[in-house]
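**Q** First the structure, which I've put down as C-alpha cells, then a few questions once you've had a look.
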Amino acid sequence: MGEDTDTRKINHSFLRDHSYVTEADIISTVEFNHTGELLATGDKGGRVVIFQREPESKNAPHSQGEYDVYSTFQSHEPEFDYLKSLEIEEKINKIKWLPQQNAAHSLLSTNDKTIKLWKITERDKRPEGYNLKDEEGKLKDLSTVTSLQVPVLKPMDLMVEVSPRRIFANGHTYHINSISVNSDCETYMSADDLRINLWHLAVTDRSFNIVDIKPANMEDLTEVITASEFHPHHCNLFVYSSSKGSLRLCDMRAAALCDKHSKLFEEPEDPSNRSFFSEIISSVSDVKFSHSGRYMLTRDYLTVKVWDLNMEARPIETYQVHDYLRSKLCSLYENDCIFDKFECAWNGSDSVIMTGAYNNFFRMFDRNTKRDVTLEASRESSKPRAVLKPRRVCVGGKRRRDDISVDSLDFTKKILHTAWHPAENIIAIAATNNLYIFQDKVNSDVH
C-alpha cells in the first residue's frame, strides 16, 4: 500500500499545544465524551485535565474546534500496599465518560487498582438575600432583622465543580488495563491481566467476576488479558483480547462466568514469518468496536486489523503501521520498545482508522480508498493553523528531500494514545507530555 501524498483529505490544522515539563505530566490516556464537546486527558501524576470546545464565533471563524482548559483535578494519589509491600502508582490508566443524563457530566478514571466515578457540574449563579445569614454566611443578630425578604439568585463567574461520587476498590489483584461502560448505562466492566469484573455504577462494595483465566498453577499461565470493551449496542456482549493475539467475544446471557467464549477470533500464524519475537509482536494492545457494532479494530505491534463479527477465521483488513521496523526487532527488544502498547481509533463513520507510531508519527488508513498517510505531531513541525504535511520513512535506496531514514527515528518519541471526535474530523494526539488537537478544515464533516 503506497502512502498518499494528497493533502486535500488530510488538511489538519494545528489548534493548540499544551506542553509540560516533568515525568508526572506525561499523558497516559485521552478520551472524548459522547458529544465531543469535552475532552479528558489523564497523566502519570494522577491528574485529569478536561478541555471544553469553544463555541463557534462569527467574529473568529478559526476558533471552531478549539479546546480550552475546562477543569483540572487530582484523581488519584500514590499509595502503598502494606500486605504486598508494593507501591501503587497514581498514573491514570484509562478514562471513560458516562452518557450524559442531566446537566452534569460524569466520568470514570482508574489507576492500577482503584476506579473512581466523578461528577462535573457548573455553577454560574449564587443565592443572595438570606434573612438569617449575612453575605459571608454568618448568622445575623436576630434583633437587627426587621423584615422578611425572598432570597434571589444572582449571576456569578462560572465555577466548575468536580466531586467524587463513588470509589470502586478492592476488585483487582492485578493491574487494571481497561474499563468500559455498558450501553445499559447502569453497569461497567474493568479488566486486569487475568480477570474481568462487572460493576454496577451505584454499588461500590461488590463486583461480579465474569472472566477468570487464572490457572490453578501459575506456572501453567500462557496468556494474559490485554484489553476489553462492551459492544456499543448489545449490553450482553463484550470482547477481550489476549497477549497471544486472539479475541474472545462473550455473551453474558450464556453463563454467569464467561469462561467459554461465544466466538474466538484468531489469525493463523504464517510459519515463514515465525521468529523469536512472533508472540511478542502479535500481542493485542487495544481493541475497539466500530460505532456500528459490526466490526472490531485491533492493534498489535506492527499492524492494525479490522475484524468482522461474522468471520472468526481471519481479519477482513490488515494495515501495516511500520513494517520497516521488522528488521529492527532485536534492538527494539533490548530497549523494551517492543512492549509499547499503542492504541487505535475509528472515525465517526468507521471509514478511517488511526493509530500511533514512533518519532511522533501517527498513521491514518482510509478503508474505502485504501490510501494511507503518515503525519507528525511535534512542536517543530506543527504551528497553530498550519497544514500538516505527510511524512515518509525511507528504508535505504533513494530518498526524497523530506524523507526520514528508518535509522533516524527517535524511539523515545512515541504516540501511544489517540482519540477521534465521535462526529467530526477532530483528533486528539498525546505525544509524551504534549497534547495536540488537529481538525480537518477541508472536510469538516466525517466522510
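Glycine is no exception: its Cβ is also placed from the backbone N, Cα and C atoms.
Since the structure is predicted, the reported quantities are computational estimates derived from the model, not experimental observations.
According to Swiss-Prot:
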{"type": "REPEAT", "residues": "22-61", "note": "repeat 'WD 1'"}
{"type": "REPEAT", "residues": "87-128", "note": "repeat 'WD 2'"}
{"type": "REPEAT", "residues": "171-209", "note": "repeat 'WD 3'"}
{"type": "REPEAT", "residues": "220-260", "note": "repeat 'WD 4'"}
{"type": "REPEAT", "residues": "279-317", "note": "repeat 'WD 5'"}
{"type": "REPEAT", "residues": "334-375", "note": "repeat 'WD 6'"}
{"type": "REPEAT", "residues": "410-446", "note": "repeat 'WD 7'"}
**Q** Among the recorded stretches 171-209, 279-317, 410-446, which has the greatest number of Cβ pairs closer than 8 Å to the repeat 'WD 4' (220-260)?
**A** 279-317
**Q** Over the span of the repeat 'WD 3' (171-209), count residues by DSSP class, listing helix, strand and coil in order.
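**A** Helix, strand and coil residues of the repeat 'WD 3' (171-209) number 0 helix, 17 strand, 22 coil.
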**Q** Which residues of the chain, 6 or more past the ends of the repeat 'WD 1' (22-61), have a CB below 8 A from one of its CBs?
**A** 67-78, 89-97, 99-100, 105, 107, 109, 111, 118, 120, 417-424, 426, 428-430, 432-435, 437
**Q** So what pLDDT does the repeat 'WD 2' (87-128) average out to?
**A** 93
**Q** For the repeat 'WD 6' (334-375), which stretch among 171-209, 279-317, 410-446 has the most Cβ pairs under 8 A?
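**A** When the Cβ pairs under 8 Å are tallied, 410-446 comes out ahead.
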**Q** For the repeat 'WD 4' (220-260), how many residues does DSSP put in helix, in strand and in coil?
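**A** So the counts come to 1 helix, 17 strand, 23 coil.
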**Q** Provide the three-state DSSP residue tally for the repeat 'WD 5' (279-317): helix first, then strand, then coil.
**A** 4 helix, 16 strand, 19 coil
